[in-house]
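Structure, as structure tokens:
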Amino acid sequence: MAEALDTEETRVFDADVGRILDIVAHALYSEREVFLRELIANAADACDKRRFLAQTDEALAEGAGDPAVTLVPDAGARTLTVSDTGVGMNRDELIANLGTIARSGTAEFAKKLSGDAAKDGSLIGQFGVGFYSAFMVADEVVVETRRLGEPQGWRWTSDGRGGYRIEPIARDTVGTDVILRLKEDAAEFLDPWRLKAVVKRWSDHLALPIRLDPRKAEGGKEDEGVETINAAQALWTRPKAEIEPETYTAFYRDISHAFDEPWAVIHNRNEGTIEYTNLLFIPTERPADLYEPERKPRLRLHVRRMFITDDCEALLPGWLRFLRGVVDSADLPLNVSREMLQNTPLLTRIRQGLVKRVLGELEGRAKSDAEGYARFWDAFGAVVKEGLYEDFENRDRLLGLARFRSTAVDGWTSLADYVARMKPEQKAIYVMVGDSVEAARVSPQLEGFKARGLEVLLLGDPIDGFWTMIAPDFDGKPIRAVGRVADDELAAFPKVDADGKAAPETKDEAAEGEAGIDGAALADLIGRALGDRVRAVRPSARLVDSPACLAAGSDGPDPALERLLARSGRGGPVRAPILEINPDHALLKALKGLAAEAGEDAAARAAALAEPAELLLDQARLAEGEAPADPAAFARRLAQLMTRAYRA
Ligand SMILES: Nc1ncnc2c1ncn2[C@@H]1O[C@H](COP(=O)(O)OP(=O)(O)OP(=O)(O)O)[C@@H](O)[C@H]1O
């Protein structure tokens, strides 16, 4: 075996590699300059790996001081070489890395291809098939490499059609040369200007120097110097004015493994008591880990440009965890410990500074770019609202930034706009918390508000039950859940018709005490019939078209929150609900008659209401999107009722 290792050998690609090569070489033709981005990214990774190994093992420190990538176009040989001083590969690594697809399945990659070359180009990086993009421009790719700490060099050669050859070579230096024998129609990549433009576009954000050796290029001269063609400086340390938007985008995508454009870039150098630089990105699209239970922020912390960690919870509050980017401070020690990362006052101050910056940016954008802000709120509003619950210090600013659905307007509305639309005599901001905005919108609890022309904000995110429980004020007005609005507060507003004019009272005075039973007495009888399945039964001004609804008590969480807590296994058992009835509803009037027929005795009257009271409670639950307490019993009662109705 040992002998075979030193000799030339021809091997076939994994089946997956063959397919990828085919796709990459043909489908992505118009964006083929991305091959250079991919090869440079691999070279940069290899340099990082080498630096890391050299730090941890002194024996490997040889030559690690000069990490760089050099592009060598050779017009005579029609080759472009991408050469790096990285960690290199040995024979096994060549076979494993360049002969198989290690990471994700080809089938998935092929499925995601859209036919849009620009989009598909970004997929190449996403699926870890970067190296193979070299075959978009090359008939043959040769990789010459020597692994750090090993004496033997290796050459890997392939035309990208089925297999590759691998052989030992003598090589003085550690690192890798990827030599591309360019296709007929890819001569543009021999032109130094073209190479510079591609590097500027895709790789300018890399701190690693990317050099160009023009001596063998068309018209190149022997005495020409090798020049560095990227900024070769950590992006956040460069002046804002010099950075192109697409360089920011490339950096954002690189560090966050995302493929969208950042919606906002917040880049500042902060001087004063603590010195730090922040380069923060607000994504356009939700990152995949947004709703992970750890709610961990993912900012990268650097100390004087050295990467320290991307797992530092103290750097951002959980409700800003969708931010991506870098914070670099000169005031932390390089060997900063884990404990220190948890609770140094320095980090607390940086966090406060970052939060202020982000809030300021959001406030500015909410004013200047309402459409973009609405999209931002669609994506991240549910997370930002967590701050209403847990960030007391910034609650007022967050209430100003929050947007809501409403019974009065389409799209998002702010609290300030709500307040401007409030009725003169209205004292509170009314909100309805449901399991979703749509569930809230159709809740019977809103009927009395709609009938009085009172606007209600519709909340449907899980977090809404929590922060509304604190009932914060906005602009001096309490935010009040409709379930907690007292009957007389609501009844004080006159009913209005569709045009907002006072509507004639429709209350049927004669029916009020029908059969000698008024609303309160009926509520009492229904309460007796339901026993401990309800906390209370009471008549309500909240209802117009529906016979009954569930209501929140003046204490404890909203019913929607109670249900959420119960579903997630937190919180106590769900308390028995409060049932509110609409004594003016024809059904309730009929029940008064039914009770009266049972005689004068309250117990007999309650017994007569036993079945309809159960149905009333269950249909109130259903209207809130909840299941009846005993679905089988509900179905049975409903079937009996229907039988009677249809037989008659
Ligand atoms: N210049 C290089 N030096 C050392 N190793 C390399 C070099 N180029 C490629 N490799 C190795 O080959 C592997 C495969 O490279 P490829 O570009 O196909 O995917 P990737 O780099 O793993 O994924 P991605 O492109 O998403 O970063 C790399 O992970 C790396 O281990």
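Heads up, the Cβ atoms here are built off N, Cα and C, so glycines get one too.
Listed in TrEMBL for this protein:
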type	residues	note
BINDING	Glu38, Asn42, Asp84, Met89, Asn97, 104-105, 126-131, Thr176, Arg338	ATP binding site
DOMAIN	31-186	domain 'Histidine kinase/HSP90-like ATPase'
REGION	1-338	region 'A'
REGION	564-648	region 'C'
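Here the features listed in TrEMBL are placed on the structure.
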residue : record           : DSSP (3 states)
Glu38   : ATP binding site : helix
Asp84   : ATP binding site : strand
Asn97   : ATP binding site : helix
Phe131  : ATP binding site : helix
Arg338  : ATP binding site : helix
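Each of the binding-site residues Glu38, Asp84, Asn97, Phe131 was scored by the number of other CB atoms within 10 A of its CB, and the lowest score belongs to Asn97.
Proximity of the binding-site residues (Asp84, Asn97, Phe131, Arg338) to ligand 1: a Cβ under 6 Å from the molecule is found for Asp84, Asn97, Phe131. When Cβ atoms from all protein chains are considered, those within 10 Å of Arg338 (ATP binding site) total 9, not counting its own. The average pLDDT computed for the region 'A' (1-338) is 86.
Mapped onto DSSP helix, strand and coil, the region 'C' (564-648) counts 54 helix, 4 strand, 27 coil.
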